[in-house]
Amino acid sequence: MDASTSNQAVVFSTQTPYPLPSQKYMIPTTWRRYHLSQLVNKALGLAKPVPFDFLVKGEILRTTIAEWCAENGVGEEETLEIEYIESVLPPQRLSEFPHESWVSAVSCSLPTHFLTTAYDGHLRAFDLSKNVTLDAALHSAPITSFSVISSTVDTYKLATSSLDLTAQISEITLGEPQSSSSNKVLASLHLHTAPVSSIAANPSGTQLLTSSWDSLIGVWDTTIPPKHEVPEPTITAADQRTKKRRKVDPSSGDSSSPTAIRKAPLTVLKSHIGRVSKVAWLSPTQGVSCGFDSTLRTWDVERGLCTRTISASEKPFLDLAVNVENQTALTVSTDRTMTLYDLRTEEALSAAAGSFLHPATPSCVATTPESSYQVVTGAYDGVVRVWDTRSTKAAISSFKAWDGTKKVLAVDWKRGVIGIGGEGGLDVWKVGLENETQGLSKESQRSA
């Protein structure tokens, strides 16, 4: 080591399964992330190296220690507290699934299939070999979102929401080959007088929440009643002509299927004063929503009451994702930010520590079950960004799903892969730890 090299006192901490003994280390200030990661691995004597990133005062270290200290005014006599976290592998494209229509929502939660909904009103299922195993016309207008209610072997009960002013409960069977797959609309949910923007099933699959541009949130059970709970709407001459066209056009979805039971809501939640853009479950009895009225609201679903309102000045919200364990919510808005909120208070987790800037409007956000801190956003500039909420200055990684200016409209992050939906169809990328994605990666790469 060069005698002129200075050292910095460092204390390490971590929330990973790889803690170091509590002691002070004298680290050469010329060291970067790679050197620190080597130090941790050697000190722990790990049989298989584990790559780490390092957080210094809420910022991921991307320079030498000396450069970081100079930029932040930290002297050599001070002791740096550095937290290390497991590194996220560089994003790697696994597969692409072309669509003729824009993809509005995507799910990576099924072990053997990817699900998408699109602006043509269809729900589609793809196996890991990129085969279409189901193509179901469910709605007569673009589907805005969907949620898996329950499953048994290859049969799934799903809920969908649409711009056709309705939501639905459907049952699908995913078979091999496609001819053995099937779908059936079980019930249509009738409440809203404007497009239904989102739908969410609770973890037990017993209740649903719907949000709409009419400012209302509907609470529904998922049982299918023996008879209709809502009268059939009056059909005008124009509606009759449209219905006749649908009978001869199998590609047109029809939420008014004669076999579907018309359901009424259990409760209607009222508090928003503008479009509600997204709703989600926070607990078995609590919901959370965001809207164009620049508010984030929590709900006591059983009592039908708004329990907390978080207001943000001129910040119309487009999407949200919740972390149930931490009782936090991440929102994306038209002011080109993602913001982290503690739902136990009425404020963001401080303006400095809670906002994540984007160069273009972020349209969607998703958390991952594998981490309490990692999150992915998709934006109208076509860029997907992976973040660690402990570091607000820059994304961990970013990549373009498609060439050109195609917008990202939906993201999902499960089992170490990110599903990306939008104007370019569906793309699936490997983003995560090696052991999370190994099996899926091999299967997807064989089919690429």
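From the backbone N, Cα and C atoms, a Cβ is placed for every residue, glycine too.
Noted in Swiss-Prot for the protein shown:
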type   : residues : note
REGION : 5-86     : region 'Ubiquitin-like (UBL) domain'
REGION : 225-261  : region 'Disordered'
REPEAT : 98-136   : repeat 'WD 1'
REPEAT : 191-230  : repeat 'WD 2'
REPEAT : 271-309  : repeat 'WD 3'
REPEAT : 312-351  : repeat 'WD 4'
REPEAT : 357-397  : repeat 'WD 5'
REPEAT : 403-439  : repeat 'WD 6'
Model confidence over the repeat 'WD 2' (191-230) (mean pLDDT, whole number): 97
Long-range environment of the repeat 'WD 5' (357-397) - Cβ separation under 8 angstroms, sequence gap at least 6: 53, 55, 58-60, 62, 83, 85, 88, 90-91, 318-323, 325-326, 330-334, 336-338, 340, 404-414, 416, 418, 420, 422, 424, 429, 431-433, 436
Summary of DSSP states over the region 'Ubiquitin-like (UBL) domain' (5-86), given as helix, strand and coil counts: 20 helix, 28 strand, 34 coil
DSSP-derived helix, strand and coil totals, residue by residue, for the repeat 'WD 4' (312-351): 1 helix, 20 strand, 19 coil
